[in-house]
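J.: Questions regarding the structure given below will be posed in turn.
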Amino acid sequence: MSIWEYANPVKFIRTTDKVLPWIAGLAAVALVIGLGWGFFFTPDDYRQGSTVKIIYIHVPSAFLAINAWLMMLVASLIWIVRRHHVSALAARAAAPVGAVMTLIALITGAIWGQPMWGTWWEWDPRLTSFLILFLFYLGYMALWEAIENDDTAADLTSILCLVGSVFALLSRYAVNFWNQGLHQGSSVMRAGAATGDTTERVSNVFAVPLFISIAGFALLFIALVFLRTQTEIRARRMRALLARERQA
Amino acid sequence: MALKSLKKKRRIQVIALAAVSLVVAVALIGYAFQDGINFFRSPSQVVESPPKSNEVFRIGGLVEEGTLLRGQGEVISFNVTDGGASVPVVFSGILPDLFGENQGMVGTGRYVNGVFEASEILAKHDETYMPKEVVDALKEQGVYVEPES
């Protein structure tokens with residue numbers, strides 16, 4: 001029983017159909033608990049007041065914006081090496097979801113930044129690389145649409161994905177590279193719950209609902225990618241059938 | 001079959017080559033930008049080599065304790081420090097919520113006669129999240145320690 005069996009479109013659709021309701025249900029539960037807890041049952045921060053609550057949307061969406069691109073990178077590499085069409089279609093299916101996540105992170109960041117930092121936008125290394133990542137998402141989707149031949153499109157978008165992953169990684173690690181800029185470092189990894197550290201910088205009161213929100217966003221992403229990949233597979237099969245009909 | 005695996009081998013070689021050249025390109029750009037990508041200058045750098053009075057730049061550091069003066073008309077003044085040197089700053093405008101003594105800030109403006117005249121002040125956040133009640137209680141008991149940023 002090899003994992004590559006799931007590269008068979010029929011097998012993929014059959015399996016994902018079975019797990020999809022569970023993942024979607026879990027995502028809904030985690031989102032309701034995480035966001036509800038975060039918005040209504042957490043105290044105000046000692047310096048940010050209630051503006052801190054935007055963290056429950058900003059951090060999970062930024063986390064997924066980066067990880068969606070890395071997932072697309074893995075799927076693209078599998079396509080390049082093993083030529084599994086489902087893999088290429090999964091990368092294609094994830095792009096719009098990742099782009100929306102990037103947009104959410106950019107918008108919530110601006111809304112938080114205006115009262116806290118004193119600016120909507122600043123050309124800080126992390127913010128800038130995140131904006132470039134968003135443009136890469138748009139370019140990636142446009143390239144898929146622009147090329148007629150499915151295999152050529154999958155090849156070229158895979159290369160674009162490889163180049164774009166520079167900015168996906170940069171937006172996560174830019175702070176560590178240059179140790180400068182306006183955006184703070186990663187708070188999540190400093191949470192007491194994550195490190196077991198007792199001198200926590202992010203109180204568990206905030207961290208626990210945040211982790212539940214991240215889990216909810218991640219499950220939502222997986223559910224959407226499964227669903228959209230199924231759609232892509234069916235759309236491609238339909239195009240193939242129509243083409244065959246025209247020839248007959 | 002042999003031809004197919006040869007093609008696959010070639011694809012892996014091409015993608016590995018692309019990945020390696022990408023990493024090299026990024027490393028070279030990062031190396032070249034090592035000094036050039038500074039978002040702001042530290043007070044020590046400014047004191048050491050003062051920029052011309054018409055040059056607009058950013059300065060970043062901590063707001064020195066006990067130097068923040070509000071309410072002299074519209075003007076707010078304070079010193080920004082990085083532990084080594086400290087530079088006086090004047091600013092008239094709205095300060096962000098996170099601005100305060102012992103907190104990080106980034107200011108845009110010009111350095112005129114030993115005073116930094118800021119046209120924009122941004123606050124830095126130090127990735128500390130604590131409930132307000134807890135901090136208030138700690139302060140009441142006198143055991144609250146400012147987290148280092």
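Glycine too: its Cβ is placed from the backbone N, Cα and C atoms.
Any TrEMBL annotation is an automated prediction that lacks curation.
Pulled these features from TrEMBL for this protein:
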type     : residues           : note
TOPO_DOM : B:1-11             : topological domain 'Cytoplasmic'
TRANSMEM : B:12-33            : transmembrane segment
TOPO_DOM : B:33-149           : topological domain 'Extracellular'
BINDING  : B:His125, B:Tyr129 : heme binding site
J.: If you count Cβ atoms within 10 Å of the Cβ of B:Tyr129 (heme binding site), leaving out that atom itself, what do you get?
T.: 25
J.: Other than its own, how many Cβ atoms are within 10 Å of the Cβ belonging to B:His125 (heme binding site)?
T.: 23
J.: When DSSP states are grouped into helix, strand and coil, how many residues of the topological domain 'Cytoplasmic' (B:1-11) land in each?
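T.: Taking the topological domain 'Cytoplasmic' (B:1-11) as a whole: 10 helix, 0 strand, 1 coil.
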J.: Should anything in the same chain at least six residues away from the topological domain 'Cytoplasmic' (B:1-11) have a Cβ under 8 Å from its Cβ atoms, list it; otherwise answer none.
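T.: Same-chain residues near the topological domain 'Cytoplasmic' (B:1-11) but 6 or more away: none.
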J.: May I have the DSSP-based helix, strand and coil counts for the residues of the topological domain 'Extracellular' (B:33-149)?
T.: 16 helix, 46 strand, 55 coil
